[in-house]
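Remarks on the structure that follows.
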Amino acid sequence: MPSWIPLPAFCCLLLPWAFTVFHKTLGNPAPHPGPHYLLPPIHEVIHSRRGATATLPCVLGTSPPSYKVRWSKVEPGELRETLILITNGLHARDYGLLGGRASLRRGHRLDASLIIKNVRLEDEGRYRCELINGIEDESVALTLRLEGVVFPYQPSRGRYQFNYFEAKRACEEQDGRLATYSQLYQAWTEGLDWCNAGWLLEGSVRYPVLNARAPCGGHGRPGIRSYGPRDRSRDRYDAFCFTSALAGQVFFVPGRLTLSEAHAVCRRRGAVVAKVGHLYAAWKFSGLDRCDGGWLADGSVRFPITTPRPRCGGLPDPGVRSFGFPRPQQAAYGTYCYAEK
């Protein structure tokens with residue numbers, strides 16, 4: 001019997017083994033090892049409100065001989081992280097992004113959880129807790145999400161007047177900030193239907209449609225319509241703003257006032273004329289319901305409805321109704337005031 005195997009037969013014997021090795025190498029890659037020292041968080045999304053205290057959990061299962069823990073915030077729409085705090089387990093150094101409102105919880109020696117006091121609108125976003133031990137770094141990511149309300153905003157000059165930077169400033173002037181895509185999506189799931197496109201914080205331009213119709217994106221499926229990439233300096237749209245719970249209180253003063261008289265009336269009560277974001281927050285979180293139009297600080301006249309009824313808004317859904325921007329000298333409305341507690 002010959003001791004050699006013909007080449008074709010040898011290839012046939014080798015092929016199944018080679019295919020098995022190839023399948024294991026490419027089809028079933030080894031799983032990426034998870035964190036060795038950091039425990040995975042029980043909740044990756046932490047919910048909070050403006051003015052509250054939020055805790056972002058980061059706990060070590062065991063302590064390496066030498067290490068540092070680095071907290072940073074991942075900026076939306078940008079490929080960079082902003083440093084917040086570094087600790088070596090004994091001492092911590094604050095880098096000032098949160099203005100001294102950030103500290104470590106230190107519930108025990110393996111606790112590196114981050115506490116953020118007096119949460120602000122700009123604190124919402126994605127955070128990273130990174131363990132640096134000089135051998136193999138590892139990290140966990142968490143998202144701080146604020147409860148709030150998204151509202152469309154345009155100036156007295158009419159629709160599509162803002163470039164990106166003007167839209168950002170306009171929201172801040174109305175006690176808000178530009179909404180993120182996730183905030184707009186959440187508002188859409190809660191009933192926001194709006195045909196005018198507006199800037200978002202990431203620099204995109206979108207609008208939410210619940211009832212698809214010809215003059216509002218066409219007869220397609222409901223969803224978030226997108227205008228694609230836009231020039232932040234040249235292109236002009238409205239703004240979608242986001243605000244959260246208030247530290248103070250919104251109240252209505254009846255009368256037939258001009259805008260300047262409205263400012264005087266609120267000042268006499270130790271308050272200021274409310275901003276648009278104040279009114280939306282009071283409607284959302286305090287259930288403010290009033291059929292009377294009132295002046296706001298931007299010169300618009302609006303009123304909040306939580307229980308729609310005849311001759312009180314004329315629309316079936318709750319929300320903040322607008323009379324637009326009447327002449328400031330027109331003495332026909334009361335005013336909504338805002339007072340800090």
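Cβ atoms here come from the backbone N, Cα and C positions, even for glycine.
Here is what Swiss-Prot records for this protein:
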type	residues	note
DISULFID	CYS58-CYS129	disulfide bond
DISULFID	CYS171-CYS241	disulfide bond
DISULFID	CYS195-CYS216	disulfide bond
DISULFID	CYS266-CYS337	disulfide bond
DISULFID	CYS291-CYS312	disulfide bond
DOMAIN	35-143	domain 'Ig-like V-type'
DOMAIN	246-339	domain 'Link 2'
SIGNAL	1-27	signal peptide
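Everything Swiss-Prot records as a feature, shown here on the structure.
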{"residue": "CYS58", "record": "disulfide bond", "contacts (Cβ under 8 Å, 6+ apart)": "LEU38, PRO41, VAL69, TRP71, ASP111, ALA112, SER113, LEU114, CYS129, VAL140, LEU142"}
{"residue": "CYS171", "record": "disulfide bond", "contacts (Cβ under 8 Å, 6+ apart)": "TYR153, ARG177, LEU178, ALA239, CYS241, PHE242, GLY277"}
{"residue": "CYS195", "record": "disulfide bond", "contacts (Cβ under 8 Å, 6+ apart)": "TYR207, VAL209, PRO215, CYS216, GLY217"}
{"residue": "CYS266", "record": "disulfide bond", "contacts (Cβ under 8 Å, 6+ apart)": "VAL253, VAL272, VAL273, THR335, CYS337, TYR338"}
{"residue": "CYS291", "record": "disulfide bond", "contacts (Cβ under 8 Å, 6+ apart)": "PHE303, ILE305, ARG311, CYS312, GLY313"}
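Under the three-state DSSP scheme, CYS241 (disulfide bond) falls in the strand class. When Cβ neighbours within 10 Å are tallied across all protein chains shown, the highest count among the disulfide-bonded residues CYS216, CYS241, CYS312 belongs to CYS241.
Neighbour density for CYS129 (disulfide bond): within 10 A of its CB lie 25 other CB atoms from the protein chains shown. Under the three-state DSSP scheme, CYS195 (disulfide bond) falls in the coil class. DSSP labels the residues of the domain 'Ig-like V-type' (35-143) in these numbers: 3 helix, 48 strand, 58 coil.
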